[in-house]
Amino acid sequence: MGRPRPRAAKTWMFLLLLGGAWAGHSRAQEDKVLGGHECQPHSQPWQAALFQGQQLLCGGVLVGGNWVLTAAHCKKPKYTVRLGDHSLQNKDGPEQEIPVVQSIPHPCYNSSDVEDHNHDLMLLQLRDQASLGSKVKPISLADHCTQPGQKCTVSGWGTVTSPRENFPDTLNCAEVKIFPQKKCEDAYPGQITDGMVCAGSSKGADTCQGDSGGPLVCDGALQGITSWGSDPCGRSDKPGVYTNICRYLDWIKKIIGSKG
């Protein structure tokens, strides 16, 4: 098996979705984050989606009125952020689309090496403040590192099957548990650092392609950003790997504080 890959979207699949490839297709049994379920609409009000035109690139997380966290490997020259979405095709009121004016990857992220997943974190400054309410609001950053066995929630519009890819219209959620760091290191020898945390489940719940940049939420606080994992996704012995937010709190607060 080749190197585990980042979990950014394949945009041509999203274009098929917009073009009606799902018409007449029953999604009840398969439209889930692997091992997950459709989220209760707007239950993840911090969830963001990164778009380049009409192409879904990655997920993201609203952490301030005009700040979104995502994965550094999602960086593009130009994109917009959508907030308040549940269905990507149908609008139901709270959706907002705001251009990104500045992308700030972590300074130690190595964009020239596709095999280096360390420091996979990026802040996006939005042109305008988001209109906040019950369906669009920032999430709190965890003030401590998570512990093995802790139950957490992941969410995104990534593929719901693997290796065959099917991208859902609605936001999907899954419940996962934090892996001990040693078990994570054993699953991916030589690839795991303190800046990463692993999460998965014995039932194969996992994030996958298209979920990159989305949140790992534990006890209502942001603990991780979807980064990379096994290919195919959903292997109980190969958990999803997330950027470990607790290791980057100082950097996040410094950037947001300096930019206002």
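Backbone N, Cα and C atoms are what each Cβ position is placed from, and that goes for glycine too.
Note: Swiss-Prot links CYS246 through a disulfide bond to CYS145 (candidates: CYS58, CYS74, CYS108, CYS145). According to Swiss-Prot, the cysteine that forms a disulfide bond with CYS58, out of CYS39, CYS74, is CYS74. The most densely surrounded of the disulfide-bonded residues CYS39, CYS152, CYS198 is CYS198 (count of other Cβ atoms within 10 A of its Cβ). Most Cβ neighbours within 10 Å among the recorded positions ASN110, SER212: this distinction goes to SER212.
Checked against CYS145 (disulfide bond) by C-alpha proximity, the recorded positions HIS73, ASN110, CYS198, SER212, CYS218 yield CYS218 as the nearest.
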